[in-house]
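Visitor: Swiss-Prot feature annotations, pasted as is:
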type	residues	note
DOMAIN	630-808	domain 'STAS'
CARBOHYD	Asn51	N-linked glycosylation site
CARBOHYD	Asn93	N-linked glycosylation site
CARBOHYD	Asn358	N-linked glycosylation site
CARBOHYD	Asn391	N-linked glycosylation site
CARBOHYD	Asn630	N-linked glycosylation site
CARBOHYD	Asn653	N-linked glycosylation site
CARBOHYD	Asn718	N-linked glycosylation site
TRANSMEM	94-114	transmembrane segment
TRANSMEM	116-136	transmembrane segment
TRANSMEM	148-168	transmembrane segment
TRANSMEM	173-193	transmembrane segment
TRANSMEM	206-226	transmembrane segment
TRANSMEM	234-254	transmembrane segment
TRANSMEM	292-312	transmembrane segment
TRANSMEM	332-352	transmembrane segment
TRANSMEM	395-415	transmembrane segment
TRANSMEM	428-448	transmembrane segment
TRANSMEM	468-488	transmembrane segment
TRANSMEM	525-545	transmembrane segment
Amino acid sequence: MSRKSSTEYVHNQEDADIEVFESEYRTYRESEAAENRDGLHNGDEENWKVNSSKQKFGVTKNELSDVLYDSIPAYEESTVTLKEYYDHSIKNNLTAKSAGSYLVSLFPIIKWFPHYNFTWGYADLVAGITVGCVLVPQSMSYAQIASLSPEYGLYSSFIGAFIYSLFATSKDVCIGPVAVMSLQTAKVIAEVLKKYPEDQTEVTAPIIATTLCLLCGIVATGLGILRLGFLVELISLNAVAGFMTGSAFNIIWGQIPALMGYNSLVNTREATYKVVINTLKHLPNTKLDAVFGLIPLVILYVWKWWCGTFGITLADRYYRNQPKVANRLKSFYFYAQAMRNAVVIVVFTAISWSITRNKSSKDRPISILGTVPSGLNEVGVMKIPDGLLSNMSSEIPASIIVLVLEHIAISKSFGRINDYKVVPDQELIAIGVTNLIGTFFHSYPATGSFSRSALKAKCNVRTPFSGVFTGGCVLLALYCLTDAFFFIPKATLSAVIIHAVSDLLTSYKTTWTFWKTNPLDCISFIVTVFITVFSSIENGIYFAMCWSCAMLLLKQAFPAGKFLGRVEVAEVLNPTVQEDIDAVISSNELPNELNKQVKSTVEVLPAPEYKFSVKWVPFDHGYSRELNINTTVRPPPPGVIVYRLGDSFTYVNCSRHYDIIFDRIKEETRRGQLITLRKKSDRPWNDPGEWKMPDSLKSLFKFKRHSATTNSDLPISNGSSNGETYEKPLLKVVCLDFSQVAQVDSTAVQSLVDLRKAVNRYADRQVEFHFAGIISPWIKRSLLSVKFGTTNEEYSDDSIIAGHSSFHVAKVLKDDVDYTDEDSRISTSYSNYETLCAATGTNLPFFHIDIPDFSKWDV
């Protein structure tokens, strides 16, 4: 549609009877829509196009457009300022109210605890005790992985359960010792002890573990208070799954020597593949401990299968008509499954007591846990030995990553499953404060456990307060059951560890899902697992981080920019699909009543309505699947280049965009001033023209060249198969679609300036640069600062858009009409609109809310 420039927009038809034209225009549109519907049903493709020369009711469509749209009031769009940004994004966060809200958010318990009731309390009590019965044996087992005494696992368990309930935003997560963090703690202890003489006693494993807990707590708390939880999102899910799987594989093979009774012969701190080799090599050294390891392991798996799968299937099969009995039986199986670790340990501890009591350590036939101090004997402020922090510094990053990633991944997962919001920043504060306070009880790093959290969720826990009951169970065990802990077989604890950690192994289904979703994710997962197994857990973690960051960088550096073509489409409202219903579903297979309903539904559909528009889609739509692959995409008018940037326009990718756009311009258009040098040797090396075979080679190979004379000074484009060439058009318009650009920077804007200079020099004229779909006011500000978007004498004077300036208009509605109501909105006629206004600034003729239809322009 031809429009005048913004300086020439005036009301030229003030005396026209607007109401008459509005009525005529509505009648015309209704008649046109009816003709289009008839044309589509008759298969006449020409009816898709609007016949602008046809007159209806004494006025043409173009005349109506002139009356209704050509005259719009000027709208001077201003650039965004720092004050506006402050008022919009910062000001509301610096008030006393926001400060109070921030302080309250640090203690989520304030919001929900006043509503606590008996129903919640009962559910939390059941869940807390159930998880506590699992946590006690697991915590002692995981302390064994961390090369610590069992009591340190109990210390970490009870303090984690108590403190986390005050700061948590997840009701399901259970804080305490976990397998992967215990393995990382053991690695840190081993690496630090290597730096000290063997005979020193000042720096011990418990001191190193507690110091690690302190440092992890400080960092996690700081990240949470500063609201830097978004940094956790930089590591992808497949990367986390990779090092978790590798770590689980490491733990399982590290526990097999203890399971078989020859753990003193295998160094489980080596690389996993070496542990596997040495474990298999020493199988002949198996002792009686294998009985207390293999049998409990088999029992645990059979118990889990029976109570979790087979028993429930039997209940559904034999009590199908008795749902209450079936539900009670399922509840019994559920709690029986939850208690399997505790029951197995109790049974085999009793057997161990019967064969090891009143015997010295040398005479005992199996290895047992030994003395576990009763109560909280280690409470107090710890003293950090000199030089310990510097010796631990290299181990801190990997430890913090394991601590934070595992917890955030678990909490967000259960938040999605159980429909509540988890705040990552607050969760960082929760685990940070938990570990900070844990240092006073000489605990080692604790974080969220997946298996215990899943159990807690299945117990229908209602609030985080259930952690208090869980901590109470652990505290009760510390004071009352330590004498019984003395006789727990170490092989049985290893069986419990293997059984629990095996759930961390990623299944083949998840791996296949990674492959189907994104093959690169699957590759990173597999490589991370191999690095963790054949090198170390730290290297696996660092590779996972580097891979995630590299993928982000590569996606930015190699943008998915697309050159666009146009296609005319129509949105069909209430279409009548022309297909045989029987081909989809046989009406003979439907009941008569339902069959009548289906037929009646098809018959009462309203008449289709069409909304025509021009859409810009990539030329490779067959690959991108943005459009039906059978649709033909027409190129822009000659001399017009339309390019869509697929991501943010920054210093990382601006050079690549520059090259892609300028190469396409040289391919599709010709120079504005032809090179007419007499000698071919005088042409520039980067534009030598068409290559001609020397006469000697022609005679040698009897090469027959086409005799048609061509101008060698013209750039050669894609010709037809018979060797003919054509003269390419001059470049007139470059349109950049910024609808997917979230931000720009100074380097990228400067590359646009350089592109404009190069293009103007190549075309030997001022070329129009149009921008569509800009979604940020700061992008507009950046472009305007270098004289894009508006007319100026240097790059784009008024003459280059004379006769074809384009603006989108919007309809301003009256205040007395409820446009949120569907019926009111449909029944509202054009006369209910108050006026028309420019959708974008009339002072910015090169900025558009959508890509203009350049085929209507007189360029």
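Going from the start of the chain as shown, residues are counted 1 onward.
Every residue, even glycine, has its Cβ placed from backbone N, Cα and C.
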Visitor: Where Asn391 (N-linked glycosylation site) and Asn653 (N-linked glycosylation site) are concerned, what is their Cα separation in Å, rounded?
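Guide: Between the alpha carbons of Asn391 (N-linked glycosylation site) and Asn653 (N-linked glycosylation site) there are 41 Å.
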Visitor: Of the glycosylation sites Asn93, Asn630, Asn653, which sits closest to Asn358 (N-linked glycosylation site) by Cα distance?
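Guide: With Cα distances computed to Asn358 (N-linked glycosylation site), the winner among Asn93, Asn630, Asn653 is Asn93.
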Visitor: With an 8 Å cut-off on Cβ pairs and a sequence gap of 6 or more, do the transmembrane segment (525-545) and the transmembrane segment (116-136) reach 3 or more such pairs?
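Guide: No; fewer than 3 Cβ pairs under 8 Å.
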Visitor: At the Cα level, what's the spacing in Å between Asn653 (N-linked glycosylation site) and Asn93 (N-linked glycosylation site), rounded?
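Guide: Cα-Cα distance, Asn653 (N-linked glycosylation site) to Asn93 (N-linked glycosylation site): 34 Å.
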Visitor: Between the Cα atoms of Asn630 (N-linked glycosylation site) and Asn93 (N-linked glycosylation site), what distance do you get, rounded to the nearest Å?
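Guide: For Asn630 (N-linked glycosylation site) versus Asn93 (N-linked glycosylation site), the Cα atoms are 53 Å apart.
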Visitor: With a Cβ cut-off under 8 Å, give me the same-chain residues at least six positions beyond the ends of the transmembrane segment (428-448) that come close to it.
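Guide: Apart from its flanks, the transmembrane segment (428-448) reaches 106, 143, 146, 148, 152-153, 155-157, 159-160, 163-164, 167-169, 173-178, 181-182, 184-185, 206, 209-210, 212-214, 216-225, 228-229, 232, 376, 378-382, 399, 402-404, 406-408, 410-411.
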Visitor: Would you identify the secondary structure of Asn93 (N-linked glycosylation site) according to DSSP, in three states?
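Guide: DSSP call for Asn93 (N-linked glycosylation site): helix.
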Visitor: As a test of reading the model: what is the averaged pLDDT for the domain 'STAS' (630-808)?
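Guide: In the predicted model, the domain 'STAS' (630-808) has a mean pLDDT of 79.
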Visitor: Cβ pairs under 8 Å only, please: of the recorded stretches 116-136, 148-168, 173-193, 206-226, which one is richest in them relative to the transmembrane segment (395-415)?
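Guide: Selected stretch: 173-193, with the most Cβ pairs under 8 Å.
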Visitor: Please identify, from the glycosylation sites Asn391, Asn630, Asn653, the residue with the sparsest Cβ neighbourhood, meaning fewest other Cβ atoms within 10 angstroms.
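Guide: Relative to the other glycosylation sites in Asn391, Asn630, Asn653, Asn630 has the fewest Cβ atoms within 10 Å.
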Visitor: Given the transmembrane segment (206-226), which of the listed stretches 94-114, 116-136, 148-168, 234-254, 468-488 has the most Cβ pairs that are under 8 Å apart from it?
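Guide: Between the stretches 94-114, 116-136, 148-168, 234-254, 468-488, 148-168 has the largest tally.
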Visitor: Determine whether the transmembrane segment (332-352) and the transmembrane segment (116-136) share at least three Cβ pairs under 8 Å, counting only pairs 6 or more apart in sequence.
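Guide: Contact between the transmembrane segment (332-352) and the transmembrane segment (116-136): present.
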Visitor: Tell me, please, if the transmembrane segment (116-136) and the transmembrane segment (234-254) are in contact, taking contact as 3+ Cβ pairs under 8 Å between residues separated by 6 or more positions?
Guide: no
